[in-house]
């Protein structure tokens, strides 16, 4: 039984149920079997029924259970148990985005099998490198960030395209992305003996890295080289707790003035009128002004009738108490004038 790279708990990688000599990479639910890449391609290519079997990747953490979730931050396929254990370690890990893993098709599984074409391409690349790079062992001692490559002779565009086909198109290539220290999943990466060794040889070419030669290269090609270098040099990435406070916000906060401008009422666009439309509006306004009525309209006829018979004092409406007191005073004065004597006797 082959022992793969173990994680912190020291567990063994599950062996293939068919050959018992290689580590399993996929799990076939129809056969209830863990298979390596070679056995999976051989077994499921036997007939059409077997080629339609759905397979899922094996967990990259424990390598003993089928994967159920894909963590985008760590670029790792995890089973249910490992997903719950790893993403409950700290608050930063809980914010990782995970998506369910769909069963793999036969084409993607067959792409993992080694082919003679890849070996021939590797030999061609080595032969071309030997012709293009004279004396590749002169500047081996000059290192830059752990790897060296030539900017005068190395075709970065062609090399980056081959690295893209190796690390992006193949779904089963184990790689570790650099997310600024955001990875917390201990991955057990299987290094390919053909492509990774060749990439390390191409990196250690011994030519100083710099742009003083005047050559202009695509930025995407340089990013691909940095990405492939991190793949070959990093197997485990763990987030320290102290780095959580060092994370900088890439998107600045929106100011209050900008929010007020966005949330305010929409600006009204002034409508431009033609001379004919303006003249027509002026004529309509003048016609309405001529037919305007200024006389008062009587809304309540009963109130108007009561106001006409209501008693008034000096033009104003009088209350009943005032009218009664005035009537008594008039009646008493008339009575005294008729009798001829007053109330108070005079001496």
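The backbone N, Cα and C atoms fix where each Cβ goes, glycine too.
Note that this is a predicted model, so its numbers are computed, not measured.
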Handout entry: Annotated range (Swiss-Prot: zinc finger) out of 16-58, 102-144
Key = 16-58
Fill in the blank from the handout: Whole-number mean pLDDT, the zinc finger (16-58), equals 85
Problem - For the domain 'CCT' (278-320), sequence-distant contacts whose Cβ falls under 8 Å of one of its Cβ atoms, 6 or more beyond its ends - result: 326
Completion exercise
Residue counts for the domain 'CCT' (278-320) under DSSP, helix then strand then coil, are 23 helix, 4 strand, 16 coil
Exercise for the section: Whole-number Å only: compute the distance from the Cα of residue 59 (Zn(2+) 2 binding site) to the Cα of residue 16 (Zn(2+) 1 binding site). Expected result: 14
Handout entry: Cα-nearest neighbour of residue 62 (Zn(2+) 2 binding site) within the listed binding-site residues, 16, 19, 39, 44
Key = 16
Exercise for the section: Determine which residues of this chain, when 16, 19, 39, 44 are set aside, have a Cβ within 8 Å of the centroid of the Zn(2+) 1 site's Cβ atoms, and list them as they appear in the sequence. Expected result: 17, 18, 22, 24, 33, 35, 36, 37, 38, 40, 41, 42, 43
Problem - residue 82 (Zn(2+) 2 binding site) and residue 44 (Zn(2+) 1 binding site), Cα-Cα, nearest whole angstrom - result: 28
